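Engineer: For reference, the structure I am asking about is given below.
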Amino acid sequence: MTTASPSQVRQNYHQDSEAAINRQINLELYASYVYLSMSYYFDRDDVALKNFAKYFLHQSHEEREHAEKLMKLQNQRGGRIFLQDIKKPDRDDWENGLNAMECALHLEKSVNQSLLELHKLATDKNDPHLCDFIETHYLNEQVKSIKELGDHVTNLRKMGTPESGMAEYLFDKHTLGNSDSES
């Protein structure tokens, strides 16, 4: 392995921030991988909830885009990207829509916490560029995503899932099926 040459563009970019960005890239790719697993679980012929599948596939693409945005930032700031192995999802069988939404909510809260810690690090290292980047591209979107998932969990519970397969089907058809026209 060759050592990376020093960057000409690096300025006020602490090594701790560079390392934290690489960890965040890994976490975003992990989240994308989890959502991809969820998507294709709901696409199975014995589950057949196509709008859950579409919803989680969209989430997977968003998380991958977040990772790519961080990679672009790393290069712009003169940092070096060091990719790590992406952990496989904790499960392959997501059981039902409520369980998957609860797992997704927990995942988004974890990603948000990591971003908040990255923002604190950037503040501590006096890096206004990184603070602005995180605020502009991530924090508000995370809060919206957490709220949306929380609403989905609440509605699925109120409808009586997972005991009621009909409720899950109706949520898939009417809530997730209508989200395309609202976006």
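Using N, Cα and C of the backbone, Cβ positions are placed for all residues, glycine too.
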Engineer: Name the residue, out of E18, E63, that Swiss-Prot lists for the same Fe cation 2 site as E108, Q142, please.
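Structural biologist: My reading of Swiss-Prot gives E63 as the candidate in that site.
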Engineer: So Swiss-Prot lists E63, H66 for Fe cation 1; which of E28, E102 goes with them?
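Structural biologist: Candidate in the recorded Fe cation 1 site: E28.
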Engineer: Per-residue pLDDT averaged over the domain 'Ferritin-like diiron' (11-160) comes to what?
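Structural biologist: Mean per-residue confidence for the domain 'Ferritin-like diiron' (11-160): 98 out of 100.
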Engineer: Roughly how many angstrom lie between the C-alpha atoms of Q142 (Fe cation 2 binding site) and E63 (Fe cation 1 binding site)?
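Structural biologist: If we compare the Cα positions of Q142 (Fe cation 2 binding site) and E63 (Fe cation 1 binding site), the gap is 11 Å.
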Engineer: In the domain 'Ferritin-like diiron' (11-160), how many residues does DSSP assign to helix, to strand and to coil?
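Structural biologist: Result for the domain 'Ferritin-like diiron' (11-160), in helix, strand, coil order: 115 helix, 0 strand, 35 coil.
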